[in-house]
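Right, one structure below, let's go through it.
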Amino acid sequence: MLSMQASFFFPTGPFILFVFTASTIFHLQQRMVKIQPTWELQMVTQVTTESPSSPQLKGMWTINAIGRLGNQMGEYATLYALARMNGRPAFIPPEMHSTLAPIFRITLPVLHASTARRIPWQNYHLNDWMEERYRHIPGEYVRLTGYPCSWTFYHHLRTEILREFTLHNHVREEAQDFLRGLRVNGSRPSTYVGVHVRRGDYVHVMPNVWKGVVADRRYLEQALDWFRARYRSPVFVVSSNGMAWCRENINASRGDVVFAGNGIEGSPAKDFALLTQCNHTVMTIGTFGIWAAYLAGGETIYLANYTLPDSPFLKLFKPEAAFLPEWIGIEADLSPLLKH
């Protein structure tokens with residue numbers, strides 16, 4: 001009996017010490033779990049504020065939001081590049097966000113109107129081409145003005161600009177679905193060429209104000225034939241704000257021309273997406289076509305020398321700053337201007 005009782009005997013002192021130690025460790029673990037997020041937050045804050053790649057810069061830069069899609073893309077890209085160049089944070093106005101954000105994955109933050117009204121802005125006018133003085137623009141609170149849309153401002157950041165103007169998935173997929181369904185004489189095309197024909201108000205403004213012309217039937221025939229001579233079974237996807245004129249003046253008898261755009265200037269996402277998803281571009285005049293070609297990449301044909309030498313338009317516009325050097329120009333026919 002004594003031997004059995006002895007075998008079940010357990011010292012109380014060590015047992016109490018064990019329970020106390022285990023309890024202490026458990027409560028310490030619980031406390032560490034509760035305070036761990038605070039430690040993590042402090043570490044993230046420290047990394048964010050001390051990182052040399054994201055300094056807290058003084059001031060605020062923005063730009064006017066004027067014109068339609070092509071103009072505002074040029075304004076956005078110019079603000080993006082010049083603010084970076086001058087070491088200032090960039091913000092876009094709400095109306096620019098409303099134009100671009102439904103189409104593209106832009107990242108610049110929005111400056112709300114209530115905030116903008118309280119800021120002592122310094123307006124700084126830009127020409128439509130890069131100048132050395134724009135690398136050193138003075139002022140902490142600067143509003144850039146003008147109609148800048150030149151690769152000379154932002155082409156050194158091409159990869160970033162293309163990323164800013166990445167189409168939303170649903171916009172891109174709708175365009176690609178349409179293109180996949182196209183056929184040239186029963187066969188799937190090997191090459192897709194976007195064709196943008198700018199008409200609208202330019203039909204009257206160019207000859208009457210700027211001593212210039214818009215693209216005519218002859219130019220478009222030459223441009224399409226240029227691609228036909230170099231690519232097998234191309235398809236030409238035509239977008240325009242003058243689709244009726246295009247149907248009458250672009251020869252579609254070969255079965256390789258598709259009049260795809262809806263030509264609605266107020267909702268240009270569909271037309272623009274179709275053009276950018278093509279391999280190459282035929283453009284006429286205007287920033288819409290310039291940006292479509294810039295985003296599409298590939299080879300681009302454009303209408304060259306479409307104003308008289310004494311045109312006042314050339315005081316505001318430099319062709320060499322608008323069209324990339326590798327793009328190919330076809331001379332405009334200025335004879336209609338010379339008759340008057």
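Yeah, the Cβs are placed from backbone N, Cα and C, and that goes for glycine too.
Just so it is clear, the model here is predicted, and its values are computed rather than measured.
According to Swiss-Prot:
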- N185: N-linked glycosylation site (CARBOHYD)
- N251: N-linked glycosylation site (CARBOHYD)
- N279: N-linked glycosylation site (CARBOHYD)
- N305: N-linked glycosylation site (CARBOHYD)
- 1-7: topological domain 'Cytoplasmic' (TOPO_DOM)
- 29-340: topological domain 'Lumenal' (TOPO_DOM)
- 8-28: transmembrane segment (TRANSMEM)
Fill in the CA-CA distance, N185 (N-linked glycosylation site) to N279 (N-linked glycosylation site), as an integer in Å.
20
For N185 (N-linked glycosylation site), what is the tally of other C-beta atoms lying within 10 angstroms of its C-beta?
9
Look at the glycosylation sites N251, N279, N305 and tell me which residue has the greatest number of other C-beta atoms within 10 angstroms of its C-beta.
N279
What does DSSP call N279 (N-linked glycosylation site) in the simple three-state scheme?
coil
Fill in the CA-CA distance, N305 (N-linked glycosylation site) to N251 (N-linked glycosylation site), as an integer in Å.
24
Return one of helix, strand or coil for N185 (N-linked glycosylation site), based on DSSP.
coil
